[in-house]
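Below is one structure, written out as structure tokens; the observations come after it.
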Amino acid sequence: MIWHVQNENFILDSTRIFMKAFHLLLFDGSLIFPECILIFGLILLLMIDSTSDQKDIPWLYFISSTSLVMSITALLFRWREEPMISFSGNFQTNNFNEIFQFLILLCSTLCIPLSVEYIECTEMAITEFLLFVLTATLGGMFLCGANDLITIFVAPECFSLCSYLLSGYTKKDVRSNEATMKYLLMGGASSSILVHGFSWLYGSSGGEIELQEIVNGLINTQMYNSPGISIALIFITVGIGFKLSPAPSHQWTPDVYEGSPTPVVAFLSVTSKVAASASATRIFDIPFYFSSNEWHLLLEILAILSMILGNLIAITQTSMKRMLAYSSIGQIGYVIIGIIVGDSNDGYASMITYMLFYISMNLGTFACIVLFGLRTGTDNIRDYAGLYTKDPFLALSLALCLLSLGGLPPLAGFFGKLYLFWCGWQAGLYFLVLIGLLTSVVSIYYYLKIIKLLMTGRNQEITPHVRNYRRSPLRSNNSIELSMIVCVIASTIPGISMNPIIAIAQDSLF
């Protein structure tokens, strides 16, 4: 009898939960339509993989790419609509969040063709790879629109779990296993630190979890200047710092970059920074509104350390992927300048503009590395010597992307940095801007050192890897070359037509 009553209660509770979930999806589902497209794509991938043989592999790529493109299209159709809060305050839709979601979708769309031939050559499992990429993209999109502490924690965990699995995708590689273990342990520790910071914020605000309600709660409890808020700020900064990987939270980055499959590194190097930047701007700007001086100081310290350490240590690297890892640490220092400037003086607009260019520059560089690695099997910088004599197209593409990363005119990277530094100068961040300019000069040095190797390697310097290099013809429909061409063009031409891009960024935010 007791069991019968308990069983009935369980059925009633389950029915209520299901009906509530259905009600939320029915009335709020249109506000997450781009995310729903990705979920449908994930389900379709699983269905096709479980009901077909290996001959349908092209369909898997087609479905993944199509779902990403359709999600981008849905975002563009929803552009400039009024801000909306859905799912009982857990998710917010506005132009600011959507522009970061667009950048994440753009990263994933470019990374899939970048990975096709690599997966086929290394005989990796294709379906799981695509599932992890789409799920990580989904987690990043939800993080961009997260409006409460629970969603801000769960969404990046969804992204992080997929990142751990992707970084250890080549199970037989010892370096990949080592990178995954370090990534997992440090990721778990940072998540614990982040949750601890959230608990201080939750308690200080009187039990509120929505970002704007936390501000109101801090006013009601008169705790906005309390030591508890300072403790919360420190713990949350450390937790978010792992996702952004500025110094000194950068220890995992070089090892993960070196040990993980190169297409995975390309994906993680851009999507994690875009999603974490979107989350950081909202967390620092809303709940810590009354502690702006404190978090400005913390971020300034992180930016200075990142720009100096990242660019100086990159000079000494012999691995191309480790060099780009330290370069990315320096690049995030520039992005932090835009976060500090904020709404005033176009700080967010300059940050978004630079991130758009950084995506094309970084993915273009990684496309060249993937192509060179598949044809030679090496990642050593010295082995790039004399590549221009064997493959001028690849050498020129890599040189353009590296020059754009360094910030040389008239490439996109130069104008992106110029706009970012100008906004920082107008906001009074003179010391940060000067450090940024000096470290940019340092970065140009190690980029030019690689370009010199590419173009002027003498016969005695050319390694057997390049001497035996075989270039595949362009007519082979190489998907990596397609991604590389798109990224090289995006790293070059937008610098000439900068004003429309800046106008779009400003118009979408303000």
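For all residues, glycine too, the Cβ spot is worked out from N, Cα and C.
Under the heading transmembrane segment, Swiss-Prot lists 24-44 (among others), citing sequence analysis as support.
Annotation comment: Swiss-Prot describes 57-77 (among others) as transmembrane segment.
If you look up Swiss-Prot, you'll see 99-119 (among others) marked as transmembrane segment, on the strength of sequence analysis.
Below 8 angstroms of C-beta separation, residues 34-35, 38-39, 41-42, 45-46, 49, 57, 60-61, 64, 67-68, 91, 97-98, 100-101, 104-105, 107-108, 111-112, 115, 118, 151-152, 154-160, 162-163, 165-166, 169-170, 261, 267, 271-272, 274-275, 278-279 of the same chain, each at least six residues beyond the ends of the transmembrane segment (124-144), sit close to that stretch. Look at Swiss-Prot and you will find 124-144 (among others) tagged as transmembrane segment, backed by sequence analysis.
Residues of the same chain lying 6 or more positions beyond the ends of the transmembrane segment (149-169) and with a Cβ under 8 Å from any Cβ of it are 90-91, 124-125, 128-129, 132-133, 135-136, 138-140, 142-143, 176-177, 179-180, 183-184, 187, 191, 194-195, 198, 201-202, 209, 211, 214, 243, 256, 259-261, 264, 267-268, 271-272, 275-276, 279, 283. Swiss-Prot lists 149-169 (among others) with the feature transmembrane segment, giving sequence analysis as the kind of evidence.
Proximity of distant same-chain residues to the transmembrane segment (183-203), defined by a Cβ-Cβ separation under 8 Å and at least 6 residues beyond the stretch ends, is recorded for 149, 152-153, 156-157, 160, 163-164, 167, 209, 214, 228-229, 231-243, 249, 251-252, 255-256, 287. Sequence annotations record features per position, and here Swiss-Prot assigns transmembrane segment to 183-203 (among others).
Positions annotated as transmembrane segment by Swiss-Prot, on the basis of sequence analysis: 227-247 (among others).
The transmembrane segment feature in Swiss-Prot is assigned to 295-315 (among others); the stated evidence is sequence analysis.
Positions annotated as transmembrane segment by Swiss-Prot: 323-343 (among others).
Within the chain, the transmembrane segment (354-374) has long-range Cβ neighbours (under 8 A, six or more residues past its boundaries) at 103, 106-107, 110-111, 114, 117-118, 121, 262-263, 265-266, 269-270, 273-274, 277, 320-321, 324, 328, 331, 334-335, 338, 384, 387, 394, 397-398, 400-402, 404-405, 412-413, 415-417, 419-420, 478, 480-481, 483-484, 486-488, 490-491, 494-495, 501. Look at Swiss-Prot and you will find 354-374 (among others) tagged as transmembrane segment, backed by sequence analysis.
For 418-438 (among others), the entry in Swiss-Prot reads transmembrane segment.
Summarising the annotation, Swiss-Prot assigns transmembrane segment to 484-504 (among others).
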Could you tell me what the rest of the chain brings near the transmembrane segment (418-438), counting residues at least six beyond its ends with Cβ under 8 Å?
300, 303-304, 307-308, 333-335, 337-338, 340-341, 344-347, 349-351, 353-354, 498, 502
Spatial neighbours of the transmembrane segment (295-315) far in sequence, C-beta under 8 Å, 6+ residues away:
233-234, 237, 241, 246-250, 284, 288, 323, 326-334, 336-337, 339-340, 429, 431-432, 435-436, 439-440, 442-443, 445-446
Using Cβ atoms only, state whether the transmembrane segment (227-247) and the transmembrane segment (323-343) have three or more pairs under 8 Å that are 6 or more apart in sequence.
yes
Which bits of the chain, at least 6 residues beyond where the transmembrane segment (323-343) starts or stops, bring a Cβ under 8 A of a Cβ in it?
244-247, 250, 253-254, 256-258, 265, 269, 273, 277, 280-281, 284-285, 296, 299-300, 302-307, 309-311, 313-314, 317, 350-352, 354-355, 358, 362, 365-366, 369, 381, 405, 417, 420-421, 423-424, 427, 429, 432-433, 436, 439, 443, 446, 450, 509-510
